[in-house]
Amino acid sequence: MIGDIRETKECQLKDPMDLFHSGQFVKICAPMVRYSKLAFRTLVRKYSCDLCYTPMIVAADFVRSAKARDSEFTTNKGDHPLIVQFAAKEAQVLCDAARIICPFADGIDLNCGCPQRWAISEGYGACLINKPELVKDMVRHVRSQIDNPKFSISIKIRIHEDLKRTVDLCQKAEAAGVSWITVHGRSTEERHQPVHYDAIKIIKQSMSIPIVANGDIKTLKDAENVHHLTEADGIMVARGLLANPAMFAGYEETPFQCIQDWVDIALEHGTPFTCFHHHLMYMMERITSKQEKKVFNVLSSTSAVLDYLNDHYGV
């Protein structure tokens with residue numbers, strides 16, 4: 001990582017807020033555990049993705065351990081604008097993480113939306129939506145301790161059943177200096193229920209900072225529809241981009257050129273086999289038959305995958 005980071009220091013960091021003033025909705029790759037790493041970010045940026053997040057990193061581990069920093073965070077010159085997402089529950093720990101990352105990224109995001117049990121039991125993620133004063137304190141601390149005014153501080157939240165509580169949380173965060181807020185339009189308990197886009201619109205109308213909409217967006221058409229429904233300034237996509245990294249460029253399904261690009265980028269970055277293979281399984285889900293999936297999904301080496309792609313698709 002250190003070599004990559006040194007290289008990045010030479011590049012011009014960007015102001016992600018400029019994207020929200022472009023007149024178009026901002027197309028964003030979500031923080032995804034195991035998946036939104038440097039190689040995948042490189043791929044989606046080739047296909048009209050404007051802004052990328054890292055997977056969630058536990059701030060306390062990141063601050064404490066050089067090993068954690070090396071394994072959790074890698075970047076390079078082309079990897080901008082970049083937001084590093086942290087799980088944190090103490091203002092000073094988040095500040096310390098932000099200070100370490102500040103020279104190499106364009107902003108940080110505080111995860112207030114992860115619904116997984118382990119995160120909530122540790123005091124991270126979605127439990128923070130019930131602690132608006134703590135969220136406000138964390139944002140304010142980072143804002144006061146980072147010298148670079150262009151360095152963004154955002155939060156990603158889920159909604160309360162009583163939407164007034166969500167609006168109150170967002171307004172407190174805005175008063176503390178948050179740059180924008182991403183709203184996943186489900187409550188902590190909801191998993192596959194329909195997304196409450198109407199709630200995102202109400203939040204948007206209650207705020208003067210940018211709001212990003214997130215949840216169940218699979219195609220560029222979906223993104224455009226959600227933008228119109230919610231009036232959100234940005235659209236964040238997770239699973240839709242896994243299934244089709246070229247989605248924001250308007251492709252209905254993953255084009256073969258995108259698969260070829262993934263192979264080239266993944267090999268160049270030394271992507272571990274499991275990650276390399278899993279991304280291909282997602283990308284090829286819609287374009288392979290059941291029989292083909294049975295064969296492809298059990299391949300167990302990079303060379304076997306490359307041979308298969310060459311034989312069947314000329315990739």
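Glycine is no exception: its Cβ is also placed from the backbone N, Cα and C atoms.
Listed in TrEMBL:
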type: DOMAIN; residues: 29-292; note: domain 'DUS-like FMN-binding'
type: BINDING; residues: Pro31, Met32, Val33, Gln85, His184, Ala238, Arg239; note: FMN binding site
type: ACT_SITE; residues: Cys114; note: active site, proton donor
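Shown on the structure are the features that TrEMBL records.
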residue : record                    : Cβ contacts under 8 Å, 6 or more apart
Pro31   : FMN binding site          : Tyr53, Thr54, Pro55, Met56, Ile83, Gln85, Asp109, Asn111, Lys156
Met32   : FMN binding site          : Pro55, Ala238, Leu242
Val33   : FMN binding site          : Pro55, Met56
Cys114  : active site, proton donor : Met56, Ala87, Ile120, Tyr124, Gly125, Ala126
His184  : FMN binding site          : Gly113, Lys156, Ile157, Arg158, Ile159, Val195, Asn214, Gly215
Arg239  : FMN binding site          : Lys218
Number of other Cβ atoms within 10 Å of the Cβ of Gln85 (FMN binding site) across all protein chains: 25
Per-region confidence, the domain 'DUS-like FMN-binding' (29-292) (mean pLDDT, whole number): 97
CB contacts for Ala238 (FMN binding site) [other CB atoms within 10 A, all chains]: 21
